[in-house]
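Annotation comment: Swiss-Prot describes Lys35, Tyr253 as active site, proton acceptor. Among the features that Swiss-Prot reports, N6-(pyridoxal phosphate)lysine is placed at Lys35. As annotated by Swiss-Prot, substrate binding site applies to Arg130, Met305.
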Amino acid sequence: MPRPIQAVIHQPALANNLEVVRRQAPASRIWAVVKANAYGHGIRRVFAGLKAADGFGLLDLSEAVLLRDLGWQGPILLLEGIFQAQDVPLLEQYRLTTAVHCEEQLRMLELARPKGPLAIQLKLNTGMNRLGFRPAQYRAAWERARTMSCIGSIVHMTHFSDADSKRGIAHQVEAFEAATANLPGEVSMANSAAVLWHPQAHRNWVRPGIILYGGSPTGVSSDIAETGLQPAMSLHSELIGIQDLQPGDTVGYGSMFTADRAMRVGVVACGYADGYPRHAVGWGERRAPVLVDGVRTQLVGRVSMDMICVDLTPCPKAKVGTPVTLWGHGLPIDDVAAASGTVGYELMCALAPRVPTSVATLTTADAV
């Protein structure tokens, strides 16, 4: 028999979360962002749950080809654009929209001389300072793109650095509007946080990512508690052993946890080789949460490669074989991430290939 650990991808949750975005931005079209293999969920697994989107946004050409192979006929956006001129024919072959964020990418399009017309999203750097033309360069870049015979539609695009924080987006919106004043074309700027909290940024297209998977843009689960978002990934295992500790007994490598009373500790078949965060805290006051048979308890000791240990004090009836939820329904992934010094995004993307993964489909009961 295989180890009892299993991940489940919930297509009904994905469809629900897409509908939440629709309600938040009813006048906008939606790029469903599925980069990084759909934030670790798997493009093949999420496709049915997200195919009501207006388009898909991703990074890799291989992911775009996969979507076409799955039957997607709508728009696909390469969020980082092309990386070499040899990619240009694939834009035509697979009918892809590409971001253009630098002089070099414009030059690639010129040199490749595609038949066109290609749809592009011209990226403006409004303060994130990763990709994009600076405001002083943007209008000239737009004029150049407009005169290129291979380019058809041009969407104005930017990305927010602080939509999930108190600083907000006003300074970036102001820079965007100044740089694009009187330039025709649609606009795409809202990420997940802006979809939820900045309706002035919704415009023609929105680009939700983490909220499609039920995670919080801020990393704080309570910030999205009233939105109706649902976790699209759950990670489950079982107790495979139980130890009865006496006061002074320690648990795990480094003896980081010391029992201050007689207590039962359960051993769970899950470790950092499965994608569970090694830095999850299992001592002190802010220990990582775990559900044992639906009851919330805490990690004890360090995370090992293949195992973790949990406090069974709230679960006196727990025994070998009792189900454990590492994250998912009833236990937000962001809560685990917060106790591990990271964010839910990273935990989603870090799910290990060795973990068996099943899909709760749109046509089956989502009961896992």
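A Cβ is built for glycine as well, from the same backbone N, Cα and C atoms used for every other residue.
The number of other CB atoms found within 10 A of the CB of Lys35 (active site, proton acceptor), across every protein chain shown, is 18. Under DSSP, Met305 (substrate binding site) is assigned to coil, being neither helix nor strand in the three-state scheme. When Cα-Cα distances from Lys35 (active site, proton acceptor) are compared across the recorded positions Arg130, Tyr253, Met305, the shortest belongs to Arg130. If you take the C-beta of Arg130 (substrate binding site) and look for same-chain residues 6 or more apart in sequence within under 8 angstroms, you find His159.
The two recorded residues, Tyr253 (active site, proton acceptor) and Met305 (substrate binding site), show a Cα separation of 11 Å. Secondary structure from DSSP puts Tyr253 (active site, proton acceptor) in a helix. According to its DSSP assignment, Lys35 (active site, proton acceptor) is helical. Shown in sequence order, Gly271, Tyr272, Ala273 are the residues of the chain, 6+ apart in sequence, with a C-beta less than 8 angstroms from the C-beta of Met305 (substrate binding site). In this structure, Arg130 (substrate binding site) belongs to neither helix nor strand by DSSP; it is coil.
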